[in-house]
Amino acid sequence: MAEASDLLEWPKKDNRRFLHVVYRVGDLDRTIEFYTEVFGMKLLRKRDIPEEKYSNAFLGFGPETSNFVVELTYNYGVSSYDIGTGFGHFAISTQDVSKLVENVRAKGGNVTREPGPVKGGGSVIAFVKDPDGYTFELIQRGPTPEPFCQVMLRVGDLDRAIKFYEKALGMRLLRKIERPEYKYTIGMMGYAEEYESIVLELTYNYDVTEYTKGNAYAQIAIGTDDVYKSGEVIKIVNQELGGKITREAGPLPGLGTKIVSFLDPDGWKTVLVDNKDFLKELE
């Protein structure tokens, strides 16, 4: 067992970083326009793969070498998707929520919660929807190197999910928020402090153990120095907590980038990508 216990130390020693979140949209140009003009993101790169009948666009608030970005996927001929009940929201921090909300409104976006203090807290927030119906929480904060600050997913067992992301992915529980009066609990997971980088926000709603996944949200990609060793750790944690490997560690055909992909116990997908291969892709 010494080997397994040594292996389980690896995720904490590894050089991990959130790279991007992948999801599907019905009109790539429409979403690019909305994210650049409304949210102030930059279009970082775009690729069209006609033989596979899809296009990708990468957008973010800084370069992919340092920032967390979105990877939008457009599948030819598919104009809408089912977001499901499990996906929660993305979050963007801004120094002026009201101004950003006005910009959303001016560009035809849907404001679902007007700016105001968060329930039971002091932060000023708002909620808006993009053209595909993905929810974005807008949070008023001071300047930050990473304005794209959260991905929120709902889980059926928060303690199990926290344990999975700690053991399988080497994340830290940055903060736990209990809200019994609103019947939910949140765990903020990440690799760095919450106000400096992206966090994974796991939400447990009392008595809700299952959600629909839909076909819109795809996965989060995280960098690693060794996909093979990381894959072995995932297998050990899968046996203990649930989840499964969906693609064994190894190079992707055509690209050569080494990855391993897996589902967590709630069925959310993560892809670990070799750090050096990822940087090569950006050259």
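Note: Cβ is positioned from N, Cα and C throughout, glycine not excepted.
From the candidate list GLU166, GLU201, GLU232, GLU240, the residue Swiss-Prot records in the divalent metal cation site shared with GLN150, GLN219, VAL271 is GLU201. Record check, Swiss-Prot: Zn(2+) site residues include HIS20, GLU71, HIS89, GLN150, GLU201, and the candidate from GLU9, GLU33, GLU102, GLU137 also listed there is GLU137. Spatially, by CA atoms, the binding-site residues ARG24, ARG154, GLN219 include one closest to GLU137 (Zn(2+) binding site), and that is ARG154. Sequence-distant neighbours of PRO251 (substrate binding site): residues of the same chain at least 6 apart with a C-beta under 8 Å from its C-beta are THR257, LYS258, ILE259, ASP277. In space, ARG154 is the closest of the binding-site residues ARG24, ASN75, ARG154, LEU252, VAL271 to GLU201 (Zn(2+) binding site), judged by Cα positions. Nearest Cα neighbour of ASN75 (substrate binding site) among the listed binding-site residues (HIS20, HIS89, GLN150, GLN219, VAL271): GLN219. Confidence in the domain 'VOC 1' (17-141), given as mean pLDDT, stands at 96.
Neighbour counts of Cβ atoms within 10 Å were compared across the binding-site residues LEU252, VAL271; the minimum falls on LEU252.
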